[in-house]
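For reference, TrEMBL has these:
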ACT_SITE  CYS964  active site, glycyl thioester intermediate
DOMAIN    669-996  domain 'HECT'
REPEAT    1-32  repeat 'RCC1'
REPEAT    80-134  repeat 'RCC1'
REPEAT    135-186  repeat 'RCC1'
REPEAT    187-241  repeat 'RCC1'
REPEAT    242-293  repeat 'RCC1'
Amino acid sequence: ALPTEVALKPTLAAAVLTVAAGDSHCLLLTSDGSALSRSGDGEDEEFAPVPGLAKSLATSSRVTQLEAGGRHSLALTSEGQVLAWGSNSCGQLGPRADDGRRWLAQSRAGDPLMGHRAVLVAAGGGHSLVLTADHQVFAFGDNSHGQLGRGHCQTGSGLAPVRRLGGLPVRQIACGGRHSFVLSHSAVLLAWGSNDRGQLGCGTEDGNATRPLPVECSALRNRRVRRIACGHEHTAAVTADGGLFTFGAGDLGQLGHGSNSSESLPRQVAELMGSRVVTADCGTSVTYASCQGGRVYAFGTVGPSASVRNKPWPLTLGPGGAGDVDVSAGGGRAFLRVGGPPMAAKLSIPEGLLSLDSCDPDGDWPGCLAIAACPAAYARAFLLPDIEHENPRPGWHGLDLDAAAEFLQKRLGAAAVSNPERRQELLAAQTELLTDLTEREEAHLADAECLRLLLLLPLSPEFESPGPLQPALAELVLRLPRPLMTVLLSWIMELRLRHFARLVRCLIRAAQHLLASSDCDANGEANEAAKVDADEQRIRRLRPCLDFLKRLHALNSDRRDRLPASSFHLAEIRDRVPLEKDYRAWTENRNQFSFLKYPFVFDGHAKMELLKVDARMQMEQAFREAMMFNLFQGFTFGAIFDMRSPFLVLRVARQALIQDAVVSLSSCHPAELKKPLRITFKGEEAVDEGGLTKEFFLLIFRQILDPVYGMFTCFDSNLVWFNHSTLECPENFSLIGTLLGLAIYNSILAAVPFPMALFKKLLRQPVALDDLKELDPTVGNSLQSLLDAETANSVEELELNFEIETKMFDHVQRVPLSASPEDRVTLGNRESYVSAYVDFVLNRSCRDAFDAFQAGFERACGSPVLPLLEPQELQAIINGESGCFDWDQLEQGAIYVNPSPDYQQLIANFWSVFHQDLDEDNKRRFLRFLTGSDRVPVQGMSAVRLRIQVVHCSPRCLPVAHTCYNMLDLPRYPDRETLRQKLLLAIDETEGFSLV
């Protein structure tokens, strides 16, 4: 049939806003809020006001939307109330509708929608949907095919929110005969209900004819859908670029693809690709498409006796058919509204939906609290301009975080900080939001679009202060499904450094707060049972913060602009956590909670303590085994035939230090290396209480790393590396590695001039060009210049091939860097050349030597703590700190043995000479004189703990250092000058030991 004009009074026709068509009735809404209806049986029947509707409206309220379902109707008022009338055979009018008319008013006590303001309604064949301001979708009516989204197909369950839409900012809802759709702000389509004809657009391969929970129509994810319409068993989607996709039942041509086949996945209507579709609507088995310029197309059938058109055919409109045409279809009929209000209003986002960027902290604080407690209000706020209908994707969240931070920290923050009561209310609202999303299955985040909440919430002023908010956020993040977790981490990876740093800082503060908290009874004494319970609660809140920080730490390692490792440190851990107890628990049971699972929170000081704990445990075990073996022999045989020393004793001569050490260590069983080390210098009377060991390592590394020895090469940076042309066997490198491992195992500073590359390789981390720059600045910077070259000519004029020149006893050799060494280095392959060059110098050229070195190193100090270290930390543990000489801290931490007022002037003279008369070089020589090393431990100068003991002896005696205990014997010199001369003379004699 050709379209015919509906006869309306002139005043009424000009005021028509929308028309809604159902299976057997039609509704009409005017600009003054009047609702009219008529039966669909006769075209001559006039529209008349809906009986009794005006009496149901509240004062000053008017109807803003009408929807016609199969045999029922819904009306939405300006006050956010929903009115329903018609058939209630399946409960589609809402609960307790016994008179054919139901008013779901928010003001009625006990109403399921109490406290929720409705902003949009949709009516289907036998069910209804209501969208509220807080983005919840309530469903009621027929549920025989799961169209209410409850997770089951049981009927009689009343009105309740659709499950698994948590945090989704919904902009449109739609109902079909037995299926339902929601369209999000960023054009994500979720559907549920009957899928027996493919009307959900998610495929039918799994054989499920019903989907009682929302599923994504993923085929349209990146199509920027702007409107969705549902027929009885088919669906149509209009995209922002004017495309029309249809899917579902097609046996009556209602899909418009030129056939009568059904489609389980969305398929674009090819006949309309040359037209820009503005909107579309569906009847029972027919689809109408309104295109730009006033053209309207239809396909399908309008009734049992009507012809079937499976391709779009144009409808001929009357003289007033210029401009966009609004289409409203239902059952077997459609209404075309020509002229009147612009159609853009129909396609826009419903008014009243909560959004974080629209709250007014100064004028409407209760409204701000409602918004702060609504997860979807975050997901549609502070979006970048011109991204409507854009789906968020990995690496792109679409948020203007700078604008969000400005608003949240200044406007919302100022309103909350100035009023403690408001601050508590805001904190409670946001905490409840996160807890609800975490604990309620139906509230789980529905899509990547909802993840915007997790980026915006840390910008809130309340997130800066430690409290329940950070653990709740971390718990929600950790419960995300893998796909959503991947997207969120990609967003965090791309955050600007200040936003990333804020997130890390807030979580660290929360962890610090939980570490520092303690619970005591009224008398101030800890109640043991209460303390255990409090500790469990604390760990339960601390664990998610640490787990989230663990992921952030991994991301930080891959960022271009990284945070320093210290940003993740928990300095309080040394004071609040018994490290030895925690370490023992971790080694015994890796499944239970332990801070060792989060090594990034330990600073160098704490990791050094852990290494000491591990070494002490291994030494105790080795010591115990040796003693038990000796006792066993004594009790069994009455004598000890094979006495085992509880110590690893190395007897060496100063003149043959390396040879004696090699002989002693080469014959050692690996278990012997776990014993405490004792050094005996042949011909010297001193007993090793630590001082001899310090000097042994100082001397042996000085000799063995000397390039003259031939095992290592020294570069212009004064750093050494493995000599690729050495004739030494790998076993000798293994012994050097063993020596370095013994130094760490026995807590001795070795001061070896290795580059960072060595420590990276010991920890099995990759090396890079920056490491070669440190070792050989000339070559490294040349390679960097090659990478920085801007033109192909500047690269090719260097005439480089994929090979490297090396020297073997003054003979130059060319070593290939690739399978085709004759290839020229070009602008396109220069990265490969630089990578191969670095790999050769730091890996290939010394592979055998380093592998042996590493094996010896791990043989001596293999520890579960070792992989927890960062290369910089391992270097500091081995070498100490060379640039952290806080001499004032040395004085402040000094301990005076047997102090007496008579010694005050002597002590004052000593520190006066130390600070004023000793230059930096002499101060470092004094440190070596006192401790056996001129390096500061990783814990800082406070770990040196200088002990000064005034001794009664002749003023002609020199000060004596007991390096085992960092103790200085200071004679009672009569004046400052004598003390200065004797001290300078003493620190010149820093080698050799004798009994004092």
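Keep in mind that glycine also has a Cβ here, set from the backbone N, Cα and C atoms.
Broken down by DSSP into helix, strand and coil, the repeat 'RCC1' (135-186) contains 0 helix, 20 strand, 32 coil.
Averaged across the repeat 'RCC1' (187-241), pLDDT in this predicted model comes to 91. Residues of the repeat 'RCC1' (187-241) grouped by DSSP class, helix first, strand second and coil last, total 3 helix, 25 strand, 27 coil. For the repeat 'RCC1' (242-293), residue counts in helix, strand and coil come to 3 helix, 23 strand, 26 coil, using DSSP.
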